[in-house]
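S.K.: Before we start, here is the structure in question, set down as structure tokens.
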Amino acid sequence: MASHIILPPDDADENHNHQAAAEEREELGRDDDDEEHAHGHPPALPPKPALPFSAMCVRISRDSYPNLRALRNASSVSLADAAYVKISEGDFGYVLDDVPHFTDYLPDIPTYHNPLQDHPAYSTVKQYFVNEDDTVPQKVVVQKNSRRGVHFRRAGPRQRIYFGTDEVKACIVTCGGLCPGLNTVIRELVCGLSHMYNVSSIFGIQNGYKGFYSSNYLPLTPKSVNDIHKRGGTVLGTSRGGHDTKKIVDNIQDRGINQVYIIGGDGTQKGAYEIFKEIRKRGLKVSVAGVPKTIDNDIVIIDKSFGFDTAVEEAQRAINSAHVEACSAENGIGLVKLMGRYSGFIAMYATLASRDVDCCLIPESPFYLDGEGGLLQYVEKRLKENKHMVIVVAEGAGQDLIAKSIATSDQQDASGNKLLLDIGLWLTHKIKDYFKSKKMEMTIKYIDPTYMIRAIPSNASDNVYCTLLAHSAIHGAMAGYSFTVGMVNGRHTYIPFYRVTSTRNKVKVTDRIWARLLSSTNQPSFVSQKDIDEASEADRLANRPPLPTGVSSRVARSFDQSSSCSSNGEI
């Protein structure tokens, strides 16, 4: 690898706006002390930072950049965050977006042999451990002259680990809304730590982040979690909000916790990132492993989130019920509202899987009701042709239309999410009023299985996925990394926190997958060419990751090219 960028934290960065002299020193990358400088004493040299764990890396210090402020202004990542970003470059446009490791700030930490090499279950495995140079590309479809693009570190067991098995004290917490598979992840974290690494001190944090400082820790053993995967929800409880970074890390430090497993969505992973930064600031030997969870499948980079397949499968049951109701009445309409606050993946995939849906409405594709080519005209046309129809709508669709007819307020939940108005109920009344004005008989049945699809146990596919995610998280934590784990192009990887929290994954209405849905339902697209152009530009900007301060133009190009093709985009 040609270079490895690690920008160490600098106290002067936090005060760079306080006075002009401090700003000038910051530009030069100096950490002078004002009082010593005033008396003519040479400034004390900062301690030499620890080398990264890769022996092939070359440190690029802050002194390498003549105009640090200009680089900061041109970057999407603040200098404080850039201290935790590790970018390695290689030949042919290869870029490794690496994850933090203990040796970045604890250079003399001891290592241990991985006990898996003596584990009977692994005796038949040809290669016990993942090669340290194994990486997974973000963009898998390339042309012969393409740059190799952005890669992530491959997940899996390492030959050397940074914990003695008897010193591990792990905790597990679930945050945010429910999702199929939460209990499976908890079970496999406990059983994996116990059976693979002989860890005996494992605790559950009850009721989300606030449980770190407001609830007792719940001891977990393989026996106590043996059959929890057969139940929906989470045995640890969950909540929104309650994130107080310093209090959480104080509690982690006081209790001697050294591995933290955090299961939750993008907001939860942002919290995990803040916890990691505070841990590193204090120089603690604590791994933070995030397992991304969202029923909406709106976490970027990863192929899909666990529980999504189960949610789509359960959504089809509601669609089947709506189809039966619609077919059993003259001019019958079955309207199903599915989860999807900002991303319509559940609605889209349930529609594609069902084949009984005549119209699918999602937040990413704006629609209109009245006039030529509008939704109401299409519903009337469909009823005259087939005598029945099924409509699927994601909960976040059409919020701008509701706002025009109903006074709204900017109320939020404990996680800061805007409370949405009920598009299903609103659309039901609009359709009824339209046909009443047309003096045309019709029957509409509104089905809302929103919370049913997320409260059930995970299916077989998701159970396997949850198991592999949990095991990958354990291997990474034992190896001293802090990260979010996820599957990218079919391979499990360790992804930097900032990558999965920088933006939200959404359905691309310019991809073939959406074209296939329109072809399946025969519905109008409702969007103009201007809307398509705006959506394309929005997708490009949304999927462009925040770049760390001071990356080269080669790295920036690789990030742009990789983000132009999302791993969970078109198929």
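Cβ coordinates are placed from backbone N, Cα and C, and glycine is handled just like the others.
Sequence annotations record features per position, and here TrEMBL assigns compositional bias 'Basic and acidic residues' to 14-23, 530-542. Annotation comment: TrEMBL describes 24-35 as compositional bias 'Acidic residues'. According to TrEMBL, the domain 'Phosphofructokinase' annotation covers 170-475. The ATP binding site annotation in TrEMBL covers Gly177, Arg240, Gly241, Gly265, Asp266, Gly267, Thr268. Summarising the annotation, TrEMBL assigns Mg(2+) binding site to Asp266. Sequence annotations record features per position, and here TrEMBL assigns site 'Important for substrate specificity' to Gly267. For Thr294, Ile295, Asp296, Met339, Gly340, Arg341, Glu395, Tyr451, Met452, Ile453, Arg454, the entry in TrEMBL reads substrate binding site. Among the features that TrEMBL reports, compositional bias 'Polar residues' is placed at 559-571.
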S.K.: Compute the C-alpha separation of Arg240 (ATP binding site) from Asp296 (substrate binding site), stating it in Å without decimals.
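M.R.: That separation, Cα to Cα, works out to 17 Å.
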S.K.: Could you work out which of the binding-site residues (Arg240, Arg454) has its C-beta surrounded by the smallest number of other C-beta atoms within 10 A?
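M.R.: If we count Cβ atoms within 10 Å for the binding-site residues Arg240, Arg454, the smallest count is at Arg240.
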S.K.: Of the binding-site residues Gly177, Gly265, Gly267, Thr268, which one sits closest to Thr294 (substrate binding site) when you measure Cα to Cα?
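M.R.: That would be Gly265, the closest of Gly177, Gly265, Gly267, Thr268 to Thr294 (substrate binding site).
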S.K.: Give the mean pLDDT for the domain 'Phosphofructokinase' (170-475) on the 0 to 100 scale.
M.R.: 93
S.K.: If I take the Cα of Gly177 (ATP binding site) as reference, which of the binding-site residues Asp296, Gly340, Glu395, Met452, Arg454 has the closest Cα?
M.R.: Arg454
S.K.: Counting every protein chain present, what is the number of Cβ atoms, excluding its own, within 10 Å of the Cβ of Thr268 (ATP binding site)?
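M.R.: Taking every protein chain into account, the count is 28.
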S.K.: Just going by other Cβ atoms within 10 Å, which of the binding-site residues Gly177, Gly241, Gly265, Gly340 has the emptiest spot?
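M.R.: With the binding-site residues Gly177, Gly241, Gly265, Gly340, fewest surrounding Cβ atoms within 10 Å: Gly241.
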S.K.: Enter the number of other CB atoms within 10 angstroms of the CB of Met452 (substrate binding site).
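M.R.: Result for Met452 (substrate binding site): 15 neighbouring Cβ atoms inside 10 Å.
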S.K.: Where Gly267 (ATP binding site) and Asp296 (substrate binding site) are concerned, what is their Cα separation in Å, rounded?
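M.R.: Computed Cα spacing between Gly267 (ATP binding site) and Asp296 (substrate binding site) is 13 Å.
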S.K.: Expressed to the nearest Å, what is the distance separating Met452 (substrate binding site) and Gly241 (ATP binding site) at their Cα atoms?
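M.R.: Roughly 23 Å, rounded to the nearest whole number.
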S.K.: Once near-sequence residues are set aside, which residues in the chain of Asp296 (substrate binding site), 6 or more away, have Cβ atoms under 8 Å from its Cβ?
M.R.: Ser305, Met339, Gly340, Arg341, Tyr342, Ser343, Phe345, Ile346
S.K.: Gly265 (ATP binding site) to Arg454 (substrate binding site): how many Å between their Cα atoms?
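M.R.: Distance between the two Cα atoms comes out at 14 Å.
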S.K.: Quick check: of the binding-site residues listed here (Gly241, Asp266, Thr268), which one has the Cα closest to that of Glu395 (substrate binding site)?
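M.R.: The answer is Asp266.
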